[in-house]
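Heads up: the structure comes next, in structure tokens.
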């Protein structure tokens, strides 16, 4: 087993693949206790911390976020009781809320329930599948809390660093570049949090997001970049990538929180800050500053290797995702001009969810109206 792990480690961290002819892994061994070079084994603790965060988060939500939401008028949705019915479950999976009237008539005979009872059952089932506003508020609060701390901490840590303002310093002196405690803590925290986000997608049964596949791609690409930038001591460039990524995220999550609280004015003000910070960081700074230093400037100091091409591909993948989400944000912004307010959260809804402003009564009426329309269409067809 030990030999297998050693083989996998040597395969993943192939020296020629990542470092080319410019360096060796032995270059990252420091004989001076005051000088620290990155060690991948230290960053492996992020997986353990990411798992622990899955237990920390519910505690944080229970004692901080939920009381805060309640003070602002946002309450937990009442529990919904629903009797088990395999025929209705099967019909729901096939049709969701839009169950044809002929199917309702058939189910009524099969289950000995009235059509009204069946409609009501589908209404409750649909409601149970919808993420509540408090659920969305908790998710956004958790991320807003983390990104607010890290973005401020990154600015504090990097403000006086030479590579913050003159990016060629990311490569001068490589690979022997000391990593201080602040950068180490932030790197470990960021990697742990992205592991946690990835675990949440796969292991939280009630996870709801429209762009689930994009989020998996984003988290996986980010985790890979953090790992390899740490292992190859491209930490200076990696720290700038993380700073730029965290810059707009607090505004994104606070905008959503204001929407869930039905604070329309606050939502629109925060959305302006979000749009400015997002476009500035993700569509200007990232491609023209970060990608330039990581894809172009590096060539004057580091020989091209296979690791360089992989890292460049991941950075480009992140930029593509940035453009996709920028399109979603601009689409949301256009709602203000077409309908007078920001109504739809284009990133947090699943394909089958209604907008955040939809309440339970609206859902009930829409389902009943849909059933009435189906019934009327069936009757018209029969008459013809």
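Cβ coordinates come from backbone N, Cα and C, glycine included.
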Checklist outcome for this item: Which range of 164-183, 184-203, 204-223 is transmembrane segment in TrEMBL? It is 184-203
Next on the checklist: Between the candidate ranges 309-334, 335-360, where does TrEMBL place the transmembrane segment annotation?
Outcome noted: 309-334
Checklist entry - What range among 140-159, 240-259 does TrEMBL record as transmembrane segment? => result 140-159
Checklist entry - According to TrEMBL, which of these ranges is transmembrane segment: 20-44, 45-69? => result 45-69
Next on the checklist: If you average per-residue pLDDT over the domain 'TLC' (135-338), what number do you get?
Outcome noted: 90
